């Protein structure tokens, strides 16, 4: 099987020989420490410090497929995230490219990172995903023909031709790994990082992936992979290996010399035994002799002077090897918005079942809410019914639209977080595109919902009423989106929202007399979406009612102004209330953006 995927005899493409040359990535005395706070019921939180990496050094040259292996918890992913500048935590030590310090911005531009857990917008097809990523990651001057040729080249070499028109959600694990690899190779980076790319794959798929990576390395690139107990034979496909244990370096060198290294300490791998399993069992052993031997290996490998010999031989200025990546111009902000909006629209359309269910639920609640008020009359006895209808309608809209938006940013955050951190596109471009599609959908739902409800009750509505309800729904969605931006979990956002609603609902004007409230409490009514909604819709409705048949002389509200006065609504505040709602929408979306931006400061899921 292994020979079936060897590159011997395969015809090399000109695109695969672009980065031949001297390029070496080095790291010296890397140490990574994580500090966690464990909250206590009483007293200050307990601070726990854990060292993930301890004085790890190494290097890798162009044309090399390097594997990072070790027991679970040995620091494999942390090492790769650190040397790829994908970690948000601080680390001590040096990270060098050709003997010179390399910044996070440069490393992200010249490298690709295939994460262990593939997360993406699964409603897209493979071809759509590759085209979108090509447009976003390649130079803005790249022509459509170059993009098509690059996609054709990767599809042929990764075996994607048969699944190009399949959606990502229907692909197998191995196929999704190939697509993730193709996305990272789309702009032909000189360095590629892969985190446990063979995990969860069968032996045949794993062999295909590793041999593909070997061909990528042989084209003149640096390829670094973490591997977790690879299948028999797969380990030998790597040219070099780094062995880690408890965050320390035990060995770096040729895979072919690993047996000789362990034989120095009396370990001989049986001919029929998986070499990788044998090595990991030694590194993970609790035996006293084994621990002593492993400690000796780590002390020997931590000799920085030995590493310096190799580091100092690569001090040439070879910026030309990756200079075009640094000079590549990103798409303009508006183009990014349009591309991301296209992605959002495609995902929205293909997720139509969920959207239809959401819309059907909204209409059902609208019918349930309005049915008791069907065919209301215009007299003094019906005043309370009319006000009850407007109150129920406002409450229904605020609750329904705010809670429907309360998970807006949690659902897609992990994908967006990774792509923004990798400088694929700007956060602001994504945020604007997401808000556009969200408000377009809210617009359609609100118009249909209001028309249906008004028809059931018999409201002779005007367009100004529709506009006010649109503004109210936008404010409600903005409120839900704001909570989504600042809370990592939906449950936490709901708890906070419940507190607000218990405070804001009594201020709607239906449950208490505003005139009896102190001035401070009276001013708080403008913080209640329920009040702003009730006062605006009530004003628009009752201002047009010039007279009402008086059926109860003792309690006669003979016109709309009298009704507004009874409930404490001020008709002259109509446009002031609308301005507050619009201002609330604007501020909520601006604050929501900064809330998402704050979340971006943590490390993405790699």
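Backbone N, Cα and C atoms are what each Cβ position is placed from, and that goes for glycine too.
When the ranges 429-457, 516-544, 545-573 are checked against TrEMBL, the one recorded as transmembrane segment is 429-457. When Cβ-Cβ distances below 8 Å are used as the criterion, the transmembrane segment (356-376) is approached by residues 382, 385-386, 388-389, 392-393, 396, 400, 404, 445, 448-449, 452-453, 456-458 of the same chain, each at least six residues removed from its ends. Tertiary proximity for the transmembrane segment (388-408) is limited to same-chain residues at least six positions away from its ends with a CB under 8 Å from its CB atoms, namely 358, 362, 365-366, 369-370, 373, 376, 434, 438, 442, 446, 449, 453, 457, 469, 472-473, 476-481, 483-485, 490, 493-494, 497, 501, 505, 508, 510, 529-530, 533-534, 537-538, 541.
Beyond its flanks by at least six residues, the transmembrane segment (429-457) meets 333, 336-338, 340-341, 343-345, 348, 355, 359, 362-363, 366-367, 369-371, 373-376, 389, 393, 397, 401, 405, 408, 412, 416, 420, 465-466, 469-470, 473-474, 477, 481, 589, 592-593, 596 of its own chain at Cβ-Cβ distances under 8 Å. Within the same chain, residues 394, 397-398, 400-410, 435, 438-439, 442-443, 445-447, 450, 454, 493, 496-497, 529, 532-533, 536-537, 540-541, 578, 581-582, 584-585, 588-589, 591-596, 598-599 sit at least 6 positions outside the transmembrane segment (463-487) and bring their C-beta atoms closer than 8 Å to a C-beta of that stretch.
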